[in-house]
Amino acid sequence: MEKGIGIAGIAGRMGTLLAEEVRAAGATLVGGIDRPDATVAGGGLFPDIAALAAAAAVVMDFTHASTVQAHARALAQAGTAWVLGTTGLSAEDQAAVAEAATRIAVVQAPNFSPGVNLVLALAERMAAALPAGQYDAEIVEMHHRQKVDAPSGTALGLGHAVARGRGVALEAVKESGRDGHCGARRTGGIGFAALRGGQVVGEHTLLFAAANEHISITHRAFDRRVFATGAVRAALWTHGRPPGLYSMMDVLGMAPPRG
Ligand code: NAD
């Protein structure tokens, strides 16, 4: 990779770790973007995403959903690959990501930890095996008090995996934020509950509850560095990759072959 790696959100919680992990991987950090007054340890601060995109072969992006459409345009324009970790995207944001992926390689993952991606694969298989009429799927997540979106991107990823396993669209069966007299649970619904507090890095439990048994699978991240090492692995993987919208499953070699 001749030009090296750039980081959008380089002064943030993830950005700081990403910078360390780029160096630990022996790769070149070209710098990043953040607030104009941000303090960045090593690597230059570029004036905007277009300047960063021009200087980097790939940009790792852990910022805020409000940046996604502008970043999609700038990276596609520059032909720079994009590792997108930002969560809380709207349907319009997601459409902009898909549009950019027709021109550049985009690895988008709500969670870059290898363990979570294994759980996502298991979730789909479990949902395919356990009849929706008998096994109620509930997803519970907990994160630190600063997190701004809910349910988490990973919880939604788990929901999509369960929905895929059941051959339905998540949007049609999602039950989130129950409060007050909200009625009985829908058969086949996929429920979400989000807890916020303290400095929890990320905990997700997928529960299948039937009348006579419960099956649950839990992932706990103790250090957000696990996301940073995964994202750097994804950034290096984009080298020479054709345009397309890829997932961490592709990076880990766990995705089914593309038809
Ligand atoms: P953070 O608030 O600590 O960092 C975000 C950084 O982005 C901040 O430094 C902020 O100044 C900067 N930023 C925001 N808007 C910007 C803009 N317009 N231009 C330049 N910089 C801008 O947050 P964080 O905990 O590092 O998380 C960032 C994002 O990554 C969130 O969406 C979070 O949910 C997501 N995340 C994803 C994963 C994953 O594995 N996919 C893991 C952790 C966090």
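A Cβ is built for glycine as well, from the same backbone N, Cα and C atoms used for every other residue.
Since we're looking at a predicted model, the values are computed, not measured.
If you look up TrEMBL, you'll see 5-112 marked as domain 'Dihydrodipicolinate reductase N-terminal'. The NAD(+) binding site annotation in TrEMBL covers G9, I10, A11, G12, R13, M14, D34, G85, T86, T87, A109, P110, N111, F112. Annotation comment: TrEMBL describes R35 as NADP(+) binding site. As annotated by TrEMBL, domain 'Dihydrodipicolinate reductase C-terminal' applies to 115-252. Annotation source TrEMBL lists active site, proton donor/acceptor at H143. What TrEMBL records for H144, G153, T154 is (S)-2,3,4,5-tetrahydrodipicolinate binding site. Taken from TrEMBL, the feature active site, proton donor applies to K147.
Reduced to three states, the DSSP call for the residue listed as 'active site, proton donor/acceptor' is strand. Spacing of G9 (NAD(+) binding site) relative to R35 (NADP(+) binding site) is 8 Å (Cα to Cα, whole number). Listed in sequence order, the recorded positions among H143, H144, T154 whose CB lies under 6 angstroms from an atom of ligand 1 come out as none at all. Under the DSSP three-state reduction, R13 (NAD(+) binding site) is assigned to helix. Of the binding-site residues A11, A109, A109 has the largest number of other Cβ atoms within 10 Å of its own Cβ. In this entry, NAD(+) is bound by G9, I10, A11, G12, R13, M14, D34, G85, T86, T87, A109, P110, N111, F112, whose most widely separated C-alpha atoms sit 21 angstrom apart.
Per-residue pLDDT, averaged across the domain 'Dihydrodipicolinate reductase C-terminal' (115-252), gives 96.
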